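S.K.: Pasting in a structure now, in C-alpha cells, and then I'll have a few things to ask.
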Amino acid sequence: MGEAVGEPSASGSGSCTGRSRRGCGRRAGRENLIGEHTDYNDGFVMPSALPHQVAAVSRRERRILRLHSADVDADPVELRVADLAPASDKSWTAYPSGVLWALREAGHELTGADVHLASTVPSGAGLSSSAALEVRPLAMNDLYALALRGWQLARLCQRAENVYVGAPVGIMDQTASACCRGGHALFLDTRDLSQRQIPFDLAAEGMRLLVVDTRVKHSHSEGEYGKRRAGCEKGAALLGVDALCDVPYADLDAALERLGDEEEVRRLVRHVVTEDERVERVVALLESGDTRRIGAVLVEGHASLRDDFRISCPELDLVVDTALASAALGRRMTGGGFGGSAIVLVEAAAVDAVTKAVEDAFAAAGLKRPRVFEAVPRRGAAPGLTVSRAASPACTP
C-alpha cells in the first residue's frame, strides 16, 4: 500500500531511554477530516492525530538552547536564550525555539535545554509537521513543573508560530496534536477550544482512511495563506461580525448579497460558512452510525476548497479525481493547501486498487510517486476531555 508511517525513535545522544536525559515529550501530526480554514475564523474543525514525533529533552542551567534533529543532515544548533526574538530564525529551529520564547514571554522563567527531535510527520504535507516540531513544551512543562494544561500549551504554540515564525495559522493543529484520542476524531470549537471526542473506528466498519502525500511542498508564510486569512477578516468586518463563524448557515445568501461586488471576499465567506455546516453534518453522521455517508460531504468540501477558496493544485486534484473514479467513498485535500496531502475514504477491500490507481495516474503525469499510508487515529500528546460549548477548554496534559 505504499509507505507506512511508524513510530519514530529519538536515538543517539537524545534517546528517550538514555540516562542522561530528564524528559521525553511526544507530539502528533494530524490529518483533518473536515473543517478547513475555519480555525482562524473561530469555526469548527474535526482532526485526528497521526503517529508521534519524539523529543528527548534535558534541562540546562546555562541559558543555551541546543537543538538537534534526526531528520536534518546538519550539526546541532546552539542558540542563546537571551537572543531569541521574532524573525531572528528562519530555519527549522524556529519552531522549537519559538516555543521557548513564547513560554518566557508568558512569564515562565526557564533557562536552557538540550533537545533531540525525531519525526515521521512529512514536512510540507499539510499534516501539521510544524505543530509536531513544537513538541518540546510538553517535556518542558514537566521538567520545569509549569503545570500548564494542554489548551494553554496549544495557545503558546500558536503564538510562537504566529509571532516568532511569522505564519498566520489558526489554533487547530496545536490543539489536535495535544488533545486527540486514539480511535476518535476531535470535534473542536476553535473559538473557546471546547471539544467533543467522536468515535471514529473505520476498521470496525470495514473502511479505511488513506492519506496521499503529493510531495508538493508548501509554506504558509509565503503569502497565499495570509491573503486568505486577511480576506476572511475583511468579510467579517464588512458583515459586522467578530468572525465568520458568527454568520449562520441559514443567513448565508443574505450575507453574500450584502457583500455586493466583493467577489473574492464572497467566495471566501461562502467556503467558511458552508464548511462549518459540513463539520456539523459529519459529526451528526458519525454519531448516528451513518459513517459511509460522510464521503459525499468530503467531496463537497474539496469542491469548495478548489473553487471558492482556491487553494488546491493540479496534483491534489489528480488524487481526488482518480480516487473517486476508482470507487473511493469520498476524498478531499487536507491542510493549508497549495500542495500537501489529500485524504481518501475507501472500503477496506479497495485500498490496494485505489492506491495503485493514484500511483499509476501520477506516473502517467510524470510526477514523483506519492506517499500513501493509512491514517489510524492515535492519541496526541495529551488526552482530551469533553466540555460544553460554554465551558472552559479542558484538554489536560
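In case you wondered, yes, glycine gets a Cβ from its N, Cα and C as well.
Annotation comment: Swiss-Prot describes 9-18 as compositional bias 'Low complexity'. What Swiss-Prot lists as site 'Transition state stabilizer' is ARG30. For GLU36, HIS37, THR38, ASP39, TYR225, the entry in Swiss-Prot reads substrate binding site. Per Swiss-Prot, the feature ATP binding site maps to SER69, GLY124, ALA125, GLY126, LEU127, SER128, SER129, SER130; the stated evidence is sequence analysis. Swiss-Prot lists SER130, GLU161 with the feature Mg(2+) binding site. Look at Swiss-Prot and you will find ASP173 tagged as active site, proton acceptor.
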S.K.: Could you name the residues, excluding GLU36, HIS37, THR38, ASP39, TYR225, of the same chain that surround the substrate site, i.e. Cβ within 8 Å of the Cβ centre of those residues, in sequence order?
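M.R.: Everything else in range on the chain: GLY35, TYR40, ASN41, VAL45, GLY170, MET172, ARG228, VAL272, GLU275, GLY336.
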S.K.: What's the most sparsely packed of the binding-site residues THR38, SER69, counting other C-beta atoms within 10 A?
M.R.: SER69
S.K.: What does DSSP call SER69 (ATP binding site) in the simple three-state scheme?
M.R.: strand
S.K.: How many Å lie between the Cα of the residue listed as 'active site, proton acceptor' and the Cα of HIS37 (substrate binding site)?
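M.R.: About 11 Å separate the Cα atoms of these two residues.
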S.K.: Please list residues from the chain of TYR225 (substrate binding site) whose Cβ is under 8 angstroms from its Cβ, counting only those at least six apart in sequence.
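M.R.: Long-range Cβ contacts: ALA167, PRO168, VAL169, GLY336, GLY337, PHE338.
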S.K.: If the substrate binders are GLU36, HIS37, THR38, ASP39, TYR225 per the record, what's the largest distance between their Cα atoms, in Å?
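M.R.: Max span of the substrate binding residues, Cα based, is 13 Å.
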S.K.: For THR38 (substrate binding site), which DSSP three-state class applies?
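M.R.: Where THR38 (substrate binding site) sits, the three-state DSSP reduction gives coil.
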S.K.: Provide the number of Cβ atoms within 10 Å of the Cβ of GLU161 (Mg(2+) binding site), excluding the reference atom itself.
M.R.: 28
S.K.: From the Cα of ASP39 (substrate binding site) across to the Cα of SER69 (ATP binding site), what is the distance in angstrom?
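M.R.: On Cα coordinates alone, these residues lie 29 Å apart.
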